[in-house]
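**Q** One structure coming up, written as structure tokens, with questions to follow.
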Amino acid sequence: MLEKGLGLNVATYNALINGYREDGAVEAAREILALMESNACCPDVYTLSALIDGLCKRNNVHQAMALRNKMLELKLSPNLVTYNSLIHGQCKADHFDSACRLRNLITHSGLAPDQITYCAFIDSLCKWNRLPEAQTMFDTLKKNGIKSSTEMFTALIDGYCKIWKIDAALSLFDQMLTEDCLPNSYAINALIHGLFKERKMMETSSVIEKMLSIGVKPTVPHYNILINRVLKEGEFDRAHELLNKMVSVYCALGNIKEAEKVMIKMNVEGISADSLTYRFLIDAYVRMGLIECAFDVLKRMFGSGCEPCHRTYSFLNKHLSNEKLVMTNSKAVGLDIMLNVSGNITDIWKTKDFGIVLELFEKMVGHGCAPSMNTYGELIIRHCKERNLQVAQRLYNHMRDMGISPNEGIYNSLVNCCCEMQVYGEAAMLVHTMIEHGYLPALESCKLLVCGLFDEEDDEKAKAVFCSMLRCGYNYDEVAWKLLLDGLVKRGHLNRGSELLTIMETMGCQLYPETNRMLTEGLNGT
């Protein structure tokens, strides 16, 4: 159309952006926005809301919040869809306070939270084991004229199962059926897993029967539970009984080969194994000391497009570590490798022996599955969580030497680890490198960095980092919430908070009136 000189209107651009968003191609959608603006076509609320939703679903909530800035610049009022997307994104990123502030902005904008709004909060509260708060919010829905949803029930059922309150979960499951709210496979999966833990096999059978009666088909997680039970507990008859109820397939589950056969059957029925399924097999082979078989499964895993998680790598690393111990320590002759693999598996992330990591990489290459960015990411992020900065930094340098560029998640993990260990100079350099490569540093890490630099009396570097962040396109309200209110004000650095607010004003950063009110109260100590 453009080549023929035909202009596109807002509706056409919106359709293109929405299409790319639904396909998960957010960058392509942003290119359409740039094209739209270059052709003097002004985006509307629906344009930016679609992009915000896409970014939040891709875990880029900070970039989504930055688009809210654009809305305000264009004098567009965010609608409820916009706010719900942002709240969902903040909740996914574990930024509950920011989500609550956005909910307050909904009210101040003359809008009312709806089912989707409350669903995001209930789901987050359940994931953070704040079940009483989630249940209270759920119980007030009817009073507010809001219907409960499948997602809300699922979050609560999963939450109760994780804290061993199976009766409460079963009660909610029955309530779902009473309210004609169709349970999804995730709710049933949580129930099955919870009932397995409490060895309530009859109740499990009842749930499976109800699942089939309402037309919910078995999914990969259901198979995963069965395979895991076969491999780890050996209750083959009960697992076989449940498997028959789920897929009407006879499987004499007796060993790891039978678990492999289940995977083949799943594939025949059109259900592909996922990362968890492969992890069960790799873990089982490692426990049996069959390390070559474990790496063969890892190769199949890579070939299927599934990426291993940190737990899979921890089992492989633990085995290699034990092998090395047997070979180098004469006192370790006869060491039971299987026993050591199953005990304190998380300790492997605390070891300073980088040679184990290199040996893992050599094994992977030898089995035709060279380390990818995801491999480095899983290892670096896990080492950072255990504050093993030394190994994490060596992995970071190693991947760059191999020509693999770190992604935003890897950078943010390193920055956060540096800040937690008060290595602020290194953190500041990483933030600078991130920004150079077009990545956004996580605001939570930046909060620790700026506050830490102020604690060390390095005011100039703290202000330099802050100014760099403001140029990155963050949402200014979010910067004010996290760095000024949650960071400096809570630490009592009121004067420095005022200085940074002045910097924001000098740089033309416009804040929402409600944010200005909160800052005024916070900086005045009221």
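The backbone N, Cα and C atoms fix where each Cβ goes, glycine too.
A TrEMBL annotation is a machine prediction, not a hand-curated record.
Sequence annotations record features per position, and here TrEMBL assigns domain 'PROP1-like PPR' to 343-518. Per TrEMBL, the feature repeat 'PPR' maps to 9-43, 44-78, 79-113, 114-148, 149-183, 184-218, 274-308, 372-406, 407-441, 477-511.
I would like each feature placed in context: is it buried or exposed, what are its neighbours, and how far apart are things?
**A** Long-range contacts of the repeat 'PPR' (9-43) within the same chain, counting only residues at least 6 positions beyond its ends with a Cβ under 8 Å from a Cβ of the stretch, are 2, 50-51, 53-55, 57-58, 60, 70, 74.
The average per-residue pLDDT of the prediction over the repeat 'PPR' (44-78) is 88, rounded to a whole number.
If one looks beyond the repeat 'PPR' (79-113) by at least 6 residues along the same chain, the residues whose Cβ comes under 8 Å of a Cβ in the stretch are 45, 48-49, 52-53, 55-57, 59-61, 64-65, 68, 71, 120-121, 123-124, 128, 444, 477-478, 481-482, 486, 512-514.
When DSSP labels each residue, the repeat 'PPR' (114-148) comes out as 25 helix, 0 strand, 10 coil, counted as helix, strand and coil in that order.
Long-range neighbours of the repeat 'PPR' (149-183) within the same chain, counting only residues 6 or more positions beyond its ends whose Cβ lies under 8 Å from a Cβ of the stretch, are 115, 118-119, 122-123, 126-127, 129, 131, 134-135, 138, 141, 190-191, 193-195, 197-198, 200, 203, 207, 210-211, 214, 216.
Here the repeat 'PPR' (477-511) has long-range neighbours at 62, 65, 68-69, 72-73, 95, 97-98, 101, 443-444, 446-448, 450-451, 454, 459, 462-463, 466-467, 469-470, 518-519, 522-523, 525, meaning same-chain residues at least 6 beyond its ends whose C-beta is under 8 angstroms from one of its own.
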**Q** Taking the repeat 'PPR' (44-78) as reference, which of 114-148, 372-406, 407-441 has the most Cβ pairs under 8 angstroms?
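**A** Top-ranked stretch among 114-148, 372-406, 407-441: 407-441.
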**Q** Sequence-remote contacts (6 or more beyond its ends) of the repeat 'PPR' (372-406), Cβ cut-off under 8 Å?
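**A** Hits for the repeat 'PPR' (372-406): 302, 307-310, 313-314, 346, 349-352, 354, 357, 364, 413-414, 416-418, 420-421, 423, 437.
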